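Colleague: Could you have a look at this structure, given as structure tokens, before my questions?
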Amino acid sequence: MGEESRNIRDTEGRALLPNKAGEMRISVMDDRQLPQTLQSSSSNLTQDHWPTSKCFFSDGRRRIDYVLAYSLDTDETASEHGESALETPRTVGSQDGLSSEEKKRIKRETFQAMLENQGLQLEIVDGRHSRTRFVLVHAPWEVMAKQAEFLRVKMPIRVNDVKNENPIIGCFDKILQKVDAFELEEKYDLKEPEYFTAFFSAERADQCVFSFSFSKVDAFELEEKYDLKEPEYFTAFFSAERADQFIMPPDGDKSRFFSSSQRSWMVYDLLIRTLYDPGRKDRVGIERLLTNGTYSAAFPLHDGDYWLHKSLRRTREDDQGQTIFIKENNRQLLYETWAKTTRFYKYQPLPLIRKYFGTKIGLYFAWLGYYTKVLTPAAIVGLLCVIYGAITLSTDPASNDLCNKDSAGGIIMCPNCDKICQFWQLIDSCRYAKLTHIFDNFATVIFAAFMSVWATLFLEGWKRYHAEVAWEWDLMDYEVEEETIRPEFQIRVRSKRVNPVTQEEEPYLPVRQKIMRFIMSGVSVLFFLLLVVAFVFGVVVYRVIVVYVMHASEDDFTQKNAPILTSVTAALLNLIVILLLSWVYTGLAWQLTDWECPRTQTEWENSYTFKVFLFQFINYYSSLFYIAFFKGKFSGVPGAVDEDREQGKYRVFGYRLESCDPAGCMVELVIQLAIIMVGKQFFSGFVEIGMPMCMNAFRNWRHHLPGTKKQKMERRQKTERAKRSVDETDQSVPRWERDYALNAVPEQFLFDEYLEMVIQFGFVTLFVAAFPLAPLFALLNNIMEIRLDAYKFVVASRRPMPARAKNIGVWTSILDGVSKMAVLTNACVIAFTSDFVPKMLYMITEGNGSLANYVNDSLSYYNASKLEVDMDDPLQNSTVCRFRDYRKPPCSLKAFVPALADVADCDDHYGFSLQWWHVFAAKLAFVLVFEHLVFLIKGFVAYIIPDLPTHIFIKLQREQYLARQARRDYEFRPKSAHDGDDNGALAAVNVKEKYAAFRNEAAAAFQPGAFDTGDETRLRDVGGIKAGVRQRSSTRMSNDSFHSVISPSDSHIELSGSDAMSETKF
């Protein structure tokens, strides 16, 4: 292999390192790892061999950190290209008589001038295939260093020396090591390095280090050709004064010290805080300029093409028979190892995802991957429950009795509707009885309890896993910086007041207006929630009418299968209504939240999340609640009239409400749940895959629309320009123009992803007693969902702004609430929807441990002579029929039915029997016992599982110890050594005394079970992760992160460790 090929590196300095056999192996090593000899030859590559050079300014050296785009109007010409922001722009305030486009141009010039005043470097270029102008933004080292200190960016300072196999292992960690299914630390090695860190200092930037190693491979890991392992480091907040204590590239090139995602994030922070009208401090930020149309887009660039260039593709196999590929950038590596659907069985490269997209997107995929992995045991147990039901079907006494015509199967049942329905024999429900037993058996009760505990294990396990992620990604002491005011709030709110904190005048919404807006918004939300209930009632009416229509049909198949056909069509109709209402209400919730006018983006997101989740909860689950708990409860007895209210007889438009089959309503609940859950998953997949294909087909079809020759020519030219913009093989198209042609990332792009998974989590937990296969369908869906989302982010969309987040936010609380509610819903489904409680009660009280004759015991008698039936009914002369309920038999039948001759408690009005009250009391008792027992187990499990893994706890101790050492090294040096003090001897004496005291304090601090020896004991909470640890009074706890506060008098370096976080499965 030639020298040129072996020395190729990408735009972030990732090297293509040869292995022992001379083959090229993909590595994600930073330039900090590169020897000097591997950093010189890339300049000799031509543009054909180095397409990612388009990610730089025209000089080929300064990296493009952000791109601003705006459309050119008809008055702007190419000569304006010379009007850079270096020229003195007109003041924004003097715009009287100007057109809207002229006002926008002035805002752009002012904004760009202000950016350059802050040290950013700009380059303006015109689009080659579109009337779009691009402003390329680059931040030099000085700006990056200042931003890193301001935003408290943590950078590597020292290689992690804490071994994962530590001698102090917690009891629960030992158990987890024995149980691979619940193991939190994966048996693969796709890890980022652990660092000791400190505040970055430009003066000491040459002291930073970097290294790498190769990964271990198994069936689910990425192959060795995708070497994603990096060393483990401890990190610290960057300090320009102590830059020499950080790990820098060996050649001292500071432009590669920060990753591309870090650079884009820090530049974006400047963009949202820069004024575009120096006279108005409320006119600030790129977001407001995007809102008012001054700019059409603002986005960071992808690293390059996502596909491997043929000129650099290697397909030759190495000694192990593995195909070797060359990776030019992280985008290609993400596509090859993550976004391809053929990689669905591989672990996610979480460190690379976080590095490329930022921690906010990285946390989403970490959570989704963990959720998918934990679904595996639930799916297996659910499948085993169904298999158990199928195996025991032949030995089930109740279903066998019902399917035997010589036994309970020969019982004549009352008509299901008035007048047009006929008598029928119980054996006609044989299929429903067998299908019910498959899903509703003894194992289902155990599975419902298991899933309730599983939900707790999932949440507690996620807290532990999040602790590892937070440690690895330096999120434990991450604090959300003060949020800027939303542009919409600045535009719409006219009243002003002085902020007592900043002492600056800013827009202010009076409390009275806030209350009025909340009330009106709440009334609107309530109205549409009631509208959802009305649609559910409409589906109920549809079911009632369709049952009558099908029973009146002359087709035998339709008559016999009327219940199941009604259930299927009603479920499909309900799914369509749910999807339509979901689309309508999502837009409505957005408008209502905007109308409320929250001040910050966090307030907006919380309000929007509450509205949408509340609506979606009722939208998706209301029909399931109806079938599970209300269907059949209001149908009453056959033939009852409206005046017989004590019999529970109610009608809708003259139609009798539908009742459950003698086998129960469980089958209909299974059908409803399966259609809604699986149908929603197919629809979501179509939106993500099929919709773009349909849009492309529509664009091609538009060329054939009628029109003038000029119109057709314009449409054709526009399409050709668009094709050239997105043609990845056309190297003449700049990177920024190709990215601009990709799909824009929506403002709340992760909200819909989280919402979809939380709704799925509700299906998996709330009604799992009715549909044990729900975890299996969720598992299969999520495996593909990860790859579809990955493809969307890597290939189809512009690169999102690499935002930071400390956890998954409010979704943790929502998941916890759903898991608690699932205990009660499953208890009620087992008690009131299934036949588990009546069967158990019968076996204990009357059956002597057997279910023989249970079916006959669960049916009540009715005097059939009072019914109006179809004259063509072959059983019209029947005098007695049965129906499913526990009612007193009519006294008029005692003379005709021998079994009722000795019954003393009879009632011609069919009142509830004593047995009904016994069964009802048993159901209530079961619900109370089940939910108390499960909640007790859940609480015990949550209590015994520590939220903070032991190895993370040890590293936190190590962090404190090293922080004291760094403070000693910096503060207790003789003054003459670093500030030129002439009294060096006296300073040295003082230093020795201070150092002796400090060393004793540091030695006492590093004790197992305690961080420090301070007086104040507090609880650490890392995204809901609690651990009793001792903290000094100089540390404070935020709600979601561990944050050490450094007082102005302290000049020490704060260190934090990071554990090697392994990838998430799938």
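If you go along the chain as it appears here, the first residue is 1 and each next one adds 1.
From the backbone N, Cα and C atoms, a Cβ is placed for every residue, glycine too.
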Colleague: Quick check on the annotations: TrEMBL lists region 'Disordered' for one of 1-23, 300-322, 484-506, 1036-1058. Which range is it?
Modeller: 1-23
Colleague: Within the same chain, where does the transmembrane segment (608-629) have neighbours whose Cβ lies under 8 angstroms from its own Cβ atoms, ignoring anything closer than 6 residues to its ends? I mean 6 or more beyond.
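Modeller: Contacts with the transmembrane segment (608-629): 521, 525, 528-529, 532-533, 536, 539-540, 571, 574, 578, 581-582, 585-586, 589-590, 592-593, 665, 668-669, 672-673, 676, 680, 748, 751, 755, 758-759, 762-763, 766-767, 770, 810, 814, 825, 828-829, 832-833.
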Colleague: Hey, which bits of the same chain come close to the transmembrane segment (364-391), Cβ under 8 Å, at least six residues off its ends?
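Modeller: Non-local partners: 181, 347-348, 350, 353, 437-441, 443-444, 446-447, 450-451, 454, 457-458, 461-462, 465-466, 469, 750, 753-754, 757, 761, 764, 768, 772-776, 778-779, 782-783, 785-786, 789-790, 808, 1063-1066.
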Colleague: With CB pairs under 8 Å as the measure, which of the listed stretches 442-459, 564-588, 757-780, 924-945 comes out on top against the transmembrane segment (518-544)?
Modeller: 564-588
Colleague: Take the domain 'Anoctamin dimerisation' (56-207) and average the pLDDT across it for me.
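Modeller: Across the domain 'Anoctamin dimerisation' (56-207), the average pLDDT comes out at 67.
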